[in-house]
Ligand SMILES: Nc1ncnc2c1ncn2[C@@H]1O[C@H](COP(=O)(O)OP(=O)(O)O)[C@@H](O)[C@H]1O
Ligand SMILES: CC(=O)OP(=O)(O)O
Ligand SMILES: [Mg+2]
């Protein structure tokens, strides 16, 4: 029996999302999530998809990512899908920061682990969790290939003019300060799926991808290759996000230090965890913000307007970067679900050939779909992302190639 299953682990700062897939037909055998890791009320939700048996949920303290992964392995074993299965071909890991070293999915060895560890200072929320996920998986199945799929990989095609900050070159190079970009697995998948929706080859299509989740980023994809993206050295730059500020004058930091007496760590926490939508109005969930706006809440409305203003600026910027745009694709939690965000983001851009048809925009579906009016010059689309499937596909392709 040949091994055809891949377990995908997407370890975030306080969560692990996972999927077990059978790559013969890319079907899912189990999916799940562990959240609030490190708190007293961690929650594990596991859904086996093999027998329609329904989800199992469990709440209690899960101290760290190692304990989380062991709990996931136990849940999988209960369904006969344990990590000891000979059908498991590989474990694929989302790794957020790969620096300039990794442009492709990579089989993990000691040197790869050391490089991911070296990059912790530029991805302090993400890379430590990714490392623990890999090490724990290695301990559970030392014989299996562990494959790292990097968020940064898709963006390594950016030209220097987009990747460099305009700061002293020697200083930038000494500390590897440059724009790396993130969510690359999603941007690559969505750009390709958008071309498919248009019935065209990815290599001949220019797309602006708007990945709007809790973290959010935009990218300009020219003929299938990324030429610019909104996140930078870290996932803090760019769009307004759930809890992150995105772009601002860097002098705000000096001001808060000198005048506000704040420490580096305090400002880091402020900008990464207490800013963006939650900093502006106290909520980071777009559903809650829309509900408050419907009730006439002014702070929620202002937060929404700031979010949209930034998004619209990036659409305009990437339109200029690309020159010709075939499609604008909305994806991730907000992009796939929040029709008012999509409507507001392209409102007034008819001059650029961009418009949303209200009836099409109101449709709820898990399928890629056009929301621009028939015959529009630029397609506006909703294209659900699937980072886990993309990681599984890349992982399996690499493992099969190496056999
Ligand atoms: N039905 C919905 N309407 C509006 N926004 C939604 C809806 N469902 C989810 N979201 C938004 O999606 C966000 C999560 O997106 P997701 O892509 O899952 O983020 P992440 O992967 O960063 O956790 C939520 O914070 C919420 O703002
Ligand atoms: C890189 C990044 O911002 O990831 P996430 O959206 O999962 O936090
Ligand atoms: Mg996400």
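Here the Cβ of each residue, glycine as well, is placed from N, Cα and C on the backbone.
As given in TrEMBL:
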- 151: active site, proton donor/acceptor (ACT_SITE)
- 10, 387: Mg(2+) binding site (BINDING)
- 17, 211, 212, 213, 214, 215, 285, 286, 287, 333, 334, 335, 336, 337: ATP binding site (BINDING)
- 94: substrate binding site (BINDING)
- 183: site 'Transition state stabilizer' (SITE)
- 244: site 'Transition state stabilizer' (SITE)
Taking the Cβ of residue 244 (site 'Transition state stabilizer') as reference, which residues of that chain separated by at least 6 in sequence fall under 8 Å from it? 215, 235, 236, 271, 272, 273, 275, 276
In whole Å, how far is the residue listed as 'active site, proton donor/acceptor' from residue 334 (ATP binding site) when you measure between their Cα atoms? 19
Taking the Cβ of each of the recorded positions and counting other Cβ atoms inside 10 Å, which one has the highest number: 17, 94, 183, 287? 183
Indicate whether residue 183 (site 'Transition state stabilizer') is helix, strand or coil by DSSP. coil
Between the C-alpha atoms of residue 287 (ATP binding site) and residue 183 (site 'Transition state stabilizer'), the distance in angstrom, to the nearest integer, is 22
Measure from the CA atom of residue 285 (ATP binding site) to the CA atom of residue 387 (Mg(2+) binding site) and give the result in Å, rounded to a whole number. 21
If you count other C-beta atoms within 10 angstroms, which of the recorded positions 151, 285, 336, 387 is the most crowded? 151
